[in-house]
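One structure is given here, and the rest of the page talks about it.
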Amino acid sequence: MTVATRYPSLVEAAERHPKPADVTYAYGTAGFRMKANLLDSVIFRAGVLAALRSKKLDGKTIGVMITASHNPAQDNGIKLVDPMGEMLEQTWEAYASQLANAPTIEELLAVVDRVIAANKIDLSKPANVVYARDTRPSGPALVAALADGLSAVQAQHRDEGILTTPQLHYIVRCLNTQGTPEAYGEPSAAGYYKKLADAYHKLVNGKTRLSPLHVDCANGVGAPKIREFAQVVGEAALALIVTNDDTETEGSLNYQCGADYVKVNQHGPHGVEMQPNGRYASLDGDADRLVYYYMDNDRVFHLLDGDKIAGLAAMFIKDLVTAAGLEGINVGTVQTAYANGSSTNYLTNILQVPVSCTQTGVKHLHHEAEKYDVGVYFEANGHGTVLFSPVVLQAISDTVSRTPAQALAIAQLRALTDMINQTVGDAISDLLLVEVILTHKQWTLSQWDQAYTDLPSRLVRVVVKDRNIFRTINADRQLESPAGMQALIDGAVAKFANGRSFVRPSGTEDVVRVYAEAATRHECDELAFRVAGLVFDNAGGLGDRPAEFL
Ligand code: G16
């Protein structure tokens with residue numbers, strides 16, 4: 001039976017969401033992401049795919065998040081969430097792209113039939129899908145297109161309204177584990193707040209509270225959600241000052257604020273008057289990234305990015321595992337090529353934890369982190385989490401403590417496993433993790449920053465005619481194509497002490513990204529712009545040549 005025979009209304013529904021000609025879609029680093037006005041057909045079709053994925057998995061609930069995270073307000077995007085709250089399995093990403101690119105309804109139906117045949121999907125199985133969106137103005141119309149796709153194939157679906165991306169991931173896992181030994185929690189935002197707040201209270205109980213934390217919410221969904229959380233956790237436990245919380249003004253989302261802006265520009269967000277030694281953090285537009293920062297007495301800005309968070313978390317958890325007497329449990333870390341060389345050195349040589357390097361994209365880091373008993377994974381941009389394997393969870397519940405100190409360490413580890421989102425990087429949950437550690441240590445941000453000194457680094461975006469000609473190997477550290485480009489980069493890097501640079505196509509924006517680090521700020525900037533210039537000159541650069549120094 002073909003999909004069109006089984007669901008006669010699918011054809012008519014698909015006709016309401018025609019694919020624009022001359023647009024090629026790709027399920028990239030974090031799903032489909034582009035100008036919102038090009039996404040209607042993609043989102044409708046993603047709804048059909050989500051239903052098929054659910055049927056394939058015996059009716060398990062699949063999540064769909066409509067967001068473009070750190071991208072500007074006019075963009076939007078969509079990503080699918082698998083039953084345990086993890087990112088969509090990679091083979092299905094290819095189906096998503098094929099479905100999105102089918103030029104006609106006939107070809108769309110043919111692709112759907114091929115997916116059904118290749119996966120032996122039984123269409124009589126139920127399909128369950130939940131979805132949410134961030135605060136973008138294009139969200140409601142795209143949600144309607146999604147619902148249309150889901151209804152066309154008779155999936156059961158539920159709109160969870162406006163949520164952060166990690167909240168949706170959490171809810172998906174809760175729904176699929178309810179009533180099982182792996183039950184993850186109450187499948188609602190309220191359940192999420194309670195789970196995190198209870199664990200946080202256990203972890204900071206009896207400790208001296210830190211000074212208030214200013215949280216820049218990128219004028220996105222993090223603002224209302226962290227406020228809701230603040231109500232639940234209570235000001236006595238955690239004092240937050242929420243800034244950049246304007247989700248109404250058009251174009252304000254991620255504009256000159258948010259985690260990506262702060263990381264890339266290495267200065268504080270607009271809308272925040274930084275004071276020496278105040279405590280500051282930024283979320284991104286869908287609250288899955290987090291960075292901290294402060295200004296010293298000389299008013300010099302200091303960033304504590306995902307690498308610093310990874311170092312802090314690995315140090316704390318490693319000590320806790322030792323104090324809990326959990327012998328044989330290995331704590332490992334996962335980074336990408338963007339990790340600052342000093343952070344890798346700190347993890348390897350000072351903390352003495354294993355470090356793996358994967359391609360950019362949390363989905364890659366997540367899978368690598370699952371190979372450790374405790375896997376700490378963070379991208380330098382502040383996106384990451386800590387995974388506790390079933391082996392550790394078992395050890396935590398089985399270990400009989402011999403001393404009060406050991407009992408306390410075990411209780412604290414258990415609370416950490418509840419507080420740290422196990423599905424995906426989560427800015428609110430990560431913020432709590434950092435606050436717990438700093439509270440335990442009674443550290444200022446400057447004391448945390450002492451762990452190591454970053455090598456100066458720089459990110460440059462280059463607009464090119466076709467970024468798809470760029471293909472990377474060796475976990476994004478080298479280019480395989482365009483031919484000859486890597487040799488040019490190597491030639492540029494060789495001229496700088498401690499120099500390192502790589503080039504990769506973005507999976508979320510239509511640009512090529514250039515990363516460079518070197519011994520001094522000047523050398524680093526010079527290297528970054530030299531490499532950006534090479535890309536621009538030799539691979540179809542468009543617009544102005546990147547030229548800060550040259
Ligand atoms: C997404 C991914 C991240 C990735 C980032 C940038 O983040 O989830 O893992 O680091 O895109 O990707 P790219 O350099 O390919 O544009 P987010 O927060 O935008 O969803």
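Just so you know, glycine gets a Cβ as well, placed from its N, Cα and C.
Heads up, TrEMBL stuff is auto-annotated, nobody curated it.
Annotation source TrEMBL lists active site, phosphoserine intermediate at S69. S69 (active site, phosphoserine intermediate) falls within neither a helix nor a strand when secondary structure is assigned with DSSP, and so counts as coil.
Summarising the environment of S69 (active site, phosphoserine intermediate), the number of other Cβ atoms within 10 Å of its Cβ, over all protein chains shown, is 29. Annotation comment: TrEMBL describes S69, D284, D286, D288 as Mg(2+) binding site.
Among the features that TrEMBL reports, substrate binding site is placed at E379, A380, N381, R504, P505, S506, G507, T508, R513. G507 (substrate binding site) falls outside any helix or strand according to DSSP and counts as coil.
The domain 'Alpha-D-phosphohexomutase alpha/beta/alpha' annotation in TrEMBL covers 61-91 (among others). Mean model confidence of the domain 'Alpha-D-phosphohexomutase alpha/beta/alpha' (61-91) amounts to 97 (pLDDT, 0 to 100 scale).
Marked as domain 'Alpha-D-phosphohexomutase alpha/beta/alpha' by TrEMBL: 117-179 (among others). Shown for the domain 'Alpha-D-phosphohexomutase alpha/beta/alpha' (117-179): DSSP residue counts in helix, strand and coil, namely 29 helix, 13 strand, 21 coil.
Taken from TrEMBL, the feature domain 'Phosphoacetylglucosamine mutase AMG1' applies to 208-291 (among others).
Annotation comment: TrEMBL describes 305-443 (among others) as domain 'Phosphoacetylglucosamine mutase AMG1'.
Sequence annotations record features per position, and here TrEMBL assigns domain 'Alpha-D-phosphohexomutase C-terminal' to 459-532.
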If you measure from the Cα of E379 (substrate binding site), which of the recorded positions S69, D284, D286, D288 is the nearest? D288
Cβ atoms near E379 (substrate binding site) (within 10 Å, other residues, all chains): 26
Across all protein chains shown, the one of the binding-site residues D286, D288 with the most other Cβ atoms within 10 Å of its Cβ is D286
Cα-proximity to D284 (Mg(2+) binding site), 10 Å cut-off, over recorded positions S69, P505, G507, R513: S69
Helix, strand, coil: count each for the residues of the domain 'Alpha-D-phosphohexomutase C-terminal' (459-532), based on DSSP. 24 helix, 24 strand, 26 coil
Spatial neighbours of D286 (Mg(2+) binding site) among the recorded positions S69, N381, P505, G507, R513, using Cα within 10 Å, are S69
CB contacts under 8 angstroms to R513 (substrate binding site), restricted to the same chain and 6+ apart in sequence, sorted by sequence, are L459, V460, R461, V462, V503, R504, P505, S506
